Amino acid sequence: MMYHIPGVLSPQDVARFREQLEQAEWVDGRVTTGAQGAQVKNNQQVDTRSTLYAALQNEVLNAVNQHALFFAAALPRTLSTPLFNRYQNNETYGFHVDGAVRSHPQNGWMRTDLSATLFLSDPQSYDGGELVVNDTFGQHRVKLPAGDLVLYPSSSLHCVTPVTRGVRVASFMWIQSMIRDDKKRAMLFELDKNIQSLKSRYGENEEILSLLNLYHNLLREWSEI
């Protein structure tokens with residue numbers, strides 16, 4: 001399943017990020033890609049050795065960790081270190097699949113269950129640059145407002161179309177979920193959303209408490225901690 005997570009960063013935060021990224025040192029994006037991805041990747045990434053990068057990636061981690069909808073949809077166990085990329089002048093990233101595991105500075109290794117892209121450019125400021133994701137439900141083309149994030153299964157083939165005008169800047173990361181199975185995670189998310197909707201409409205009652213009990217027992221049964 002694919003999820004749109006709005007408002008991860010405020011417009012003020014996005015403007016500040018963009019101003020700081022204008023001063024960043026950018027390197028060939030293939031430095032973080034395996035052999036298969038390097039054949040189809042043509043973009044730039046912020047140098048991960050810079051002080052600016054360290055500060056910005058911490059801000060992204062804090063923002064997603066504090067976003068209730070992100071947590072409900074991803075049920076994250078481990079987040080990768082966020083990276084930042086830039087596309088311009090017809091740069092693109094052809095169809096590829098993300099690696100199943102990635103190294104992690106604290107945990108050694110993590111499984112990539114979900115991929116996330118946090119858009120940092122106004123969609124009207126560039127042409128092209130759509131994230132195209134192929135999954136079991138068909139093909140999805142994604143171009144979100146700056147500050148919004150998209151979550152999708154890391155097992156999906158995906159690409160970024162050529163940017164023919166302007167500049168597309170984004171942050172991206174991977175998530176190991178407490179729930180490995182996409183279908184089970186999607187069921188828990190739908191159950192959680194409906195519980196929250198019922199609570200806002202009717203307040204606390206025995207039926208909602210029963211549904212909460214069901215949610216947490218399923219999470220207990222399926223989670224890998």
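Note that Cβ sites are derived from N, Cα and C of the backbone, with glycine treated the same way.
Because the structure is a prediction, the values reported are computed rather than measured.
As given in Swiss-Prot:
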type: DOMAIN; residues: 78-177; note: domain 'Fe2OG dioxygenase'
type: BINDING; residues: H96, D98, H158; note: Fe cation binding site
type: BINDING; residues: R168; note: 2-oxoglutarate binding site
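Cα spacing between D98 (Fe cation binding site) and R168 (2-oxoglutarate binding site): 20 Å, rounded to the nearest whole number.
Highlighted in sequence order, G37, F95, V97, S115, S154, S156, L157, C159 have their Cβ within 8 Å of the centre of the Cβ atoms of H96, D98, H158, the residues recorded for Fe cation, and are not part of that set. Look at the binding-site residues H158, R168 and count other Cβ atoms within 10 Å of each Cβ; H158 has the fewest. The DSSP breakdown of the domain 'Fe2OG dioxygenase' (78-177) into helical (H, G, I), extended (E, B) and coil residues amounts to 3 helix, 60 strand, 37 coil. Note on H96 (Fe cation binding site): other Cβ atoms within 10 Å of its Cβ, all shown chains, come to 18.
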